[in-house]
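Each remark here refers to the structure printed beneath this line.
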Amino acid sequence: MHIRFIDAFASLPALLQSALEPILRHDDFPAMLTAQQVSQLRLETGLDDTALAFALLPLAAACSLTPISHFHVGAVARGISGNLYFGANMEFSGASMQQTVHAEQSAVTHAWLRGETRLASITVNYTPCGHCRQFMNELNSGSELAIHLPDRAVASLGEYLPYSFGPQDLDIATLLMDKVDHGYQTSASDALSQQALAACNQSHAPYSQSHSGIALESDSGKIYGGPYAENAAFNPSLPPLQAALILLNLSGEDCLKIRRAVLIERSDPLVSQLDATRATLSALGCQQLQHISL
Ligand SMILES: O=c1ccn([C@H]2C[C@H](O)[C@@H](CO)O2)c(=O)[nH]1
Ligand SMILES: [Zn+2]
């Protein structure tokens with residue numbers, strides 16, 4: 001079992017521990033459960049979907065990186081496929097506060113990057129902040145997304161964010177998690193550049209059209225892509241580096257051991273990721289950033 005799960009796992013109810021043990025046994029548990037694994041867990045534990053998602057929160061929170069707050073937020077997003085995706089907050093010492101990733105952003109982005117096309121619900125161990133409510137308001141599930149919190153009745157995002165400002169106010173119809181392919185191409189044929197290109201082609205940048213994507217090579221040699229995800233209110237936008245770091249972290253890899261990165265963006269973009277990406281990567285101890293302009 002990955003070392004980060006050991007304490008949280010020990011705190012789970014005995015039935016859930018025995019049902020999860022074969023799934024978590026290996027180091028490479030991807031911090032998600034397929035719909036089939038979820039049905040099996042329900043069968044073995046007697047928990048319903050809602051109770052199961054709550055019961056998994058300690059494991060999700062165990063994925064957090066919190067050198068600043070030491071405050072562990074965990075989230076579990078349910079895709080329409082029935083798969084569950086963990087999310088956890090991530091803080092980066094030596095970078096600006098703005099580089100922080102919230103657990104809700106992590107779970108949403110995790111689902112998106114693993115190919116989920118829409119979310120049904122999200123379960124969180126603390127009430128989502130305003131920034132997260134606004135971030136989730138960009139999703140194609142719209143105000144229908146169900147939010148489950150401890151000690152509260154389930155309520156929709158629309159209820160958590162009344163009188164909202166969103167993509168429709170700026171006449172934008174393509175929403176976060178909609179399948180897109182911007183069709184950019186590059187002559188760089190190495191695997192890292194191609195993965196960064198794929199992320200760029202998947203990115204959600206309807207406000208600036210400054211599509212971008214990154215790919216990170218981890219300590220183990222695996223590659224993690226991160227597409228940029230803009231938000232109607234601009235500031236809650238998630239930079240491509242953060243998206244890739246979410247996937248790398250949830251996959252059980254070390255954000256402080258990134259070997260190299262390729263960032264791809266349009267030439268002369270209205271919005272550039274380059275300076276912030278370089279600064280945050282450098283705070284993580286990685287100086288190997290290649291920049292490709294399309
Ligand atoms: O909705 C919220 C509110 C806060 N945090 C994280 C951000 C930061 O890492 C820590 C303290 O704010 O908690 C979340 O993940 N989600
Ligand atoms: Zn938040």
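All residue numbers here begin at 1 and follow the chain in the order shown.
Keep in mind that glycine also has a Cβ here, set from the backbone N, Cα and C atoms.
Automated prediction, rather than curation, is the source of TrEMBL annotations.
Cross-referencing H72, H102, H182 against the Zn(2+) binding annotation in TrEMBL, which names C129, C132, picks out H102. In the three-state DSSP classification, C132 (Zn(2+) binding site) falls within a helix.
The recorded positions near M90 (substrate binding site), taking a 10 angstroms Cα-Cα threshold over the set H102, E104, C129, C132, are H102. What surrounds the substrate site, by Cβ distance within 8 Å of the Cβ centroid and not counting N89, M90, E91, is the set S64, L65, T66, I68, S69, V73, A88, F92, T100, V101, H102, A103 from the same chain.
Taking N89, M90, H102 as the candidate binding-site residues, the subset whose CB lies under 6 angstroms from any atom of ligand 1 consists of N89, H102. Here E104 (active site, proton donor) comes close to A75, G87, I122, V124, P128, C132, F135, M136: these same-chain residues lie at least six apart in sequence, with C-beta atoms under 8 angstroms from its C-beta. For the pair N89 (substrate binding site) and C129 (Zn(2+) binding site), the Cα-Cα distance reads 12 Å.
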